[in-house]
Amino acid sequence: MAGNSIGQLFRVTTFGESHGIALGCIVDGMPPGLALSEDDIQPDLDRRKPGTSKYTTPRREEDKVQILSGVFDGKTTGTSIGMIIKNTDQRSQDYGEIKDRFRPGHADFTYQQKYGLRDYRGGGRSSARETVMRVAAGAIAKKYLREYFGIEVRGYLSQIGEIKIDPQVVADVSKIDWAKVNSNPFFCPDESAVEKFDELIRELKKAGNSIGAKLTIVAEHVPVGLGEPVFDRLDADLAHALMGINAVKAVEIGDGFAVVEQKGTEHRDEMTPEGFCSNHAGGILGGISSGQPIIATIALKPTSSITVVGRSVNLNNEPVDVITKGRHDPCVGIRAVPIAEAMMAIVLLDHLLRFKAQCK
């Protein structure tokens, strides 16, 4: 199975399955000299880990990261950074009934057809459990971007189902209260929406159902010049990385699909000697960063792992009923915020190193 790596100069490779012994990653291309320990990585892992609130899966994993290589005397050496996180709360018996059945909406069918077999225990490699190592690698990238270039990569949840936050709360990204975002389990900047989210998730959990979500990732203080036209555009690589997150079905850069209804006089980001007058482009022009905040929005589908009976087929293509008995999130978008932050940080650091390699 290919496709386990991302990046050129800053390259991340992950391995492991949902119910395996452990998950791990190799980070290549990290410059030497960055002060780094597990304590720098753990906070982001704690934001993502399961079992931390009543709104997410009850599966409990400590998600304690262990650095195996690439760090000496508390600093990166420039060699490959190896990390692992052990699985401790697998309940593989929950998946015995779907061993020969395909869960609708999951990768069960496509994995079986492509490879001739699949790890049915929690989805194996296709499980969002794999993203824990992306967050670990992304935490390293975020630290380097912040300490060496002042770049901040942060995200927030903007919609669950039909409930949306007040757009005025995030109209000026420089004024977003990030402390407020991280103070509630929904990563939501709008206090008035939190209570509505709470009520919705409670209802869904009682019904055994799930719901989709939308979240936004913002990178501030990104310098002008990141991105390689024509096929290595920064926005193209960001879209590729964000679409690679489990359950993501759409990616928008800047105003995204809203540009369809805009006129040229409205959409163009006019300039004055003092700077840009707007940021409809989301901080990227011609595939190259413009120096404005980079803004990307992703939409995540409702998980198909629900306790409502659904129709499917088995390995013999016979009709069967399927119900998922494992422990799952009623809204995967909640825990996706640190994952999306990680993917944006990985792409930005990769492009930053490529920029430094060829430009003054």
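Start at 1 and count along the chain as shown; that gives each residue its number.
Even glycines carry a Cβ here, placed using N, Cα and C.
Summarising the environment of R48 (NADP(+) binding site), the number of other Cβ atoms within 10 Å of its Cβ, over all protein chains shown, is 25. The annotation NADP(+) binding site is assigned in Swiss-Prot to R48 on the grounds of sequence analysis.
The feature FMN binding site is assigned by Swiss-Prot to R125, S126, S127, N246, A247, G286, K301, P302, T303, S304, S305, R327, with sequence analysis given as support. When secondary structure is read from DSSP and collapsed to three states, T303 (FMN binding site) falls in the coil class. T303 (FMN binding site) has a Cβ environment of 23 other Cβ atoms inside 10 Å.
Among the features that Swiss-Prot reports, region 'Disordered' is placed at 36-60.
Of all Cβ atoms in the protein chains displayed, 22 besides its own lie within 10 Å of the Cβ of S305 (FMN binding site). Taken residue by residue with DSSP, S127 (FMN binding site) is part of neither helix nor strand, so it is coil.
Other Cβ atoms within 10 Å of the Cβ of A247 (FMN binding site), summed over all protein chains shown, number 21.
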